[in-house]
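Report on the structure given below.
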Amino acid sequence: MTMENASSVTEFILMGLTDQPKLQLPLFFLFLLNYLFTVVGNLYLMILICLNSHLHTPMYFYLFNLSFIDICYSSVFTPKMLINFIADRNVISFRGCMSQLFFFCFFVNSECYVLTAMGYDRFVAICKPLLYTTAMSRQVCSLLMSASYVMGFAGAMVHTGCMMRLIFCDSNIINDYLCDIFPLLQLSCSSTYVNEIVVSAVVGTVVILSSLIIFISYALILFNICHMPSSKGWSKALSTCGSHITTVSLFYGFALLTHVRLPSSGFVEQGKFYTVFSTNVVPMLNPLIYSLRNKDVKIA
């Protein structure tokens, strides 16, 4: 895809998280520490899964990919954000902005589908344990993971392609720390009607499809747990789902708060606050969630 269009804007200015100079350096070190924890924590989990044969199961195959996505996801915008904290001008080129948007959408969409596959995996493990080996074979897991990346790529291509057709004339100031869809739509001097329809369709499909599959999976798991004869079975079933439920709740919870805001004078700052949690804090917490709450990982 060629990243040229009829826009007179060749670069964008990112407003960042704050315009207060005294906070720039403390925020730089805070987010640098956050990024290091995210990369090291997820990389540690990936290495652990690779080296320990007891973790060569479908659930940890998905967890490996989740950690990989979290590292890539954070690396799309965090290095640029860190540079902007200490740079005189927070500038990003038009091509750089479109590239950041593409990879941001790609990894977000892919993570939605990976979390969905993990929910389906837990459903099969608890409700169909005798068929687990067949239903979640290596070929099935590879197919589900490939489909997650392909659908993530397709969604990102649609979003970026629609953004490329817009014309940006005068205003080039993005009131955020990354190139996201809605801040860019606000800057366009051409009609954004098609983009808004596409965003609603693509995001709606991803969210509804993934959340519906996860909801149905856990509804069936809950139904199955209620019919278990022993409390030990309940405890084991819930412990295998606890980490995934926590991760899904954080990911979708903060994503929802980021995009569904109440009309108020401070909704922009509130949006930034929730976006920070969604893009920076959640990827850092995932390794901790699966390490502290997971018996197999702690033993490994």
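Each Cβ is built from the backbone N, Cα and C atoms, and glycine gets one as well.
Feature annotation from TrEMBL assigns domain 'G-protein coupled receptors family 1 profile' to 41-290. For 25-47, 59-78, 98-120, 140-158, 197-225, 237-260, 272-292, the entry in TrEMBL reads transmembrane segment.
Tertiary proximity for the transmembrane segment (140-158) is limited to same-chain residues at least six positions away from its ends with a CB under 8 Å from its CB atoms, namely 1, 58, 61-62, 65, 102-114, 116-117, 120, 198, 202, 206. Tallying C-beta pairs under 8 angstroms between the transmembrane segment (272-292) and each of 25-47, 59-78, 98-120, 197-225 places 25-47 first. Counting only same-chain residues 6+ beyond the ends of the transmembrane segment (25-47), those with a CB under 8 A from a CB of the stretch are 17-18, 63-64, 67-68, 70-71, 74-75, 78-79, 81-82, 85-86, 280-281, 283-284, 286-288, 290-291, 297. Long-range contacts of the transmembrane segment (59-78) within its own chain (CB-CB distance under 8 A, at least 6 residues past either end) are made by residues 31, 34-35, 38-39, 42-43, 45-46, 49-50, 100, 103-104, 107-108, 110-111, 114-115, 117-118, 121-122, 125, 141, 145, 148, 177-178, 240, 247, 279-280, 283, 286-287, 290, 296.
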